[in-house]
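Input: a single structure, listed below in structure tokens.
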């Protein structure tokens, strides 16, 4: 007969009548170690001598103690022997090996580590048939650096802080981690002071003969020159605040997580843990050589899955054990008391929830989507990602292929679809808490680990030991057999033998998103989300919420989805990419690719396409070098017979001609809103950068466009405009909030204009592949009332001549539409002069363009470059806020902001803090938003959902260890709120590196320096 294991706030062995690390007071319990989350005031305990002594120091209560030396076997019951083995976690930590004649051997590890610590007994690996093991760091991400390296880094941090006349403060648990640090700092010869609680427990260690290097109890008067070791919970206390010049460091395995420094609000974080990392978990299983494994704590589901993939029977205790893509094992049975999906109540006005009865392994199941997404995340290799998606997508029907492709881009709907879920963070959190039955503190802890709403929700939902309809966890523990599979309960409640696990389909999830978008008000949306979360597994919930928040964070760009679609459908990649650029609907592209109708996708009016983007360059010299290198490469390719300049190409016939083509087309970069204007017959629509319709906010522009005689799609900058020049962006923002009516005085109060610089479509003809010089010529004629085709305008070396720039426009349109002025440059000095002139006119900088380039929607290539050197700016996302001072003491006006690291899953890295630049009205609006989207509170500081993009100006950028990005901005100030941008569009770590390199070489030395005054007229 196998072991019976019940799980509810600890593990219970009914065949023995003993608990293992019970969380609440019980009659009898084994206590693996003395950390507070493993102890309680039990009547009778089994533990090691070290644990017993530490418990007496921490937990003053009467109890019966069975203290067992390591390696000594005694009878726990008449027919079961017990042996304690060192776990290596902290001093006295023990594993419990049970040996029963009928049930076999069971090893419970408690918390453990294989790494040999300096203040704990080394971990043993006794053989057992069944192992119940902790898997705190059960993901491949958690492979710790060599201990010697980490300790050296900690010592360096301490030495540097003391050298700067500061006091290094190291945060580690007062029991275990602090003693490890104390021993580890001996070689660095650093004097150490201990927090009073840490000091008390260290004295207990010494009673067992453990020797430490010299240390003192904390003394504020003599603290300078010392390292202070104290528990993590003191980091926000007056104890730390009163230490002069303190610099703090968190010592934890979670330092491996992105943003750990920010999450812990410390100056540094070092990955030293008393738990086994991923590799040691695998080594432990190999050494113990069990027949089956039950996992718990941390990433239990993921590690159990890893073991199954290696051929070992393994299941996560208290969590859903859904099978991943390609796993052939039998799934766990349904638990007793579980409601079937179709019987669960709906939160939507009493209407029954969708049945979600798709077989688990059906190609269109959402579980298969989740497995494919996890497989993509698991590999850093582009070709492997594409192969995973190719195989997944190839098995789907055209409609399902379209739905999956949309979800893979992190969206519920195609980009051009105007529907919005408006499922905010507070609704998501509330739904997760209600379904999981956990506290808000549990949710915060999960968010700390992942810094991702979806991953945090998945982890919290995985903690629920019972599904809705079961008895409460406290009244009916989950019963597990030796395989870790839940006992199905009485035969009457078991599903028929022919039944198979079911899940939601892709179509089910798409219908959910449609219902959520159509639902009115947060209450209705909450009901829908709660209903859906109750129907699906934690892993499925993880990706559901990732899609809701708009970012899968699996290392997948839309370009890779396009490559996978092409491979799955057997279509040319360029055809798929062109179709995606034209229609902005990846679902439509997927369906067309599968049905061989890609050629039918054409650029059409009122279907906005993504804007062509420019790559940033920090200096004029960099722009010249970039274009020169590009032209030389093109020329060399043609001479070698491997290149084709194509229609309108500026590539020379020989490589010798390349230097003559260094003439560069320049346009001024305005501080406005990127805008597409679509006009056909009597209809006009305006679209913003994020492809939203903004016609209602600018009806005067729409009316003016009706005067144009041709149908067209134009690309330009929408500006607040008066007396022939652009007004500050703040003036334009006053128009952005007004819609739903045609204010007669609006145009006079805040006049607006569009400065056009490109023409994409004219009278049914796509111009995307035409060279820029041709598109510009047609744009000029359009605004003059004549858009008939003409021969290519003459220009020096084939470059469009300045004559393309008209002196006057159609009088009816001159106040509403203009052509972006074009100038030309040969050298970096020319570009510098043009830049200063643009700055003098109050504009942001320059755009440098290749006049032979086509228009590539949504692509950030090298045909367009932007220079914003002086008064440089970065688009960043707010991750933390604080209350201000003085008149702003009651509003959140101080903002900590971050850029993204595109090379590491777009994790957010802080780069600075700013508190000036916004109006009182804007600050008041943002205060309300941030109060509603606060993740956690640390005194005056609030961690907020990273959903607000701002543009930050600064004087220069330089390397710095102060922020997670490794860079700091000099005199940052907020230029504007970027409501037109999402966090996925903020600037990157690579951009910071380029700007810092330019600053170091003098390229941004002029940043913050005013351009010279203009010559008087």
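Just so you know, glycine gets a Cβ as well, placed from its N, Cα and C.
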Site co-member for ATP according to Swiss-Prot, given 674, 689, 717, 860, 866, out of 667, 696: 667
Mean of pLDDT values spanning the region 'DNA ligase' (364-1017): 80
Sparsest-packed of the listed recorded positions (669, 689, 860, 866) - C-beta count within 10 angstroms: 860
Spatial separation of residue 669 (active site, N6-AMP-lysine intermediate) from residue 689 (ATP binding site) - C-alpha basis, Å: 15
Chain-internal residues, separated by at least six, CB under 8 A from residue 667 (ATP binding site): 757, 820, 821, 822, 823, 846, 847, 849
Largest inter-residue Cα distance among 667, 674, 689, 717, 860, 866 [record-listed ATP binders, Å]: 19
Integer Cα-Cα distance in angstrom, residue 860 (ATP binding site) to residue 669 (active site, N6-AMP-lysine intermediate): 16
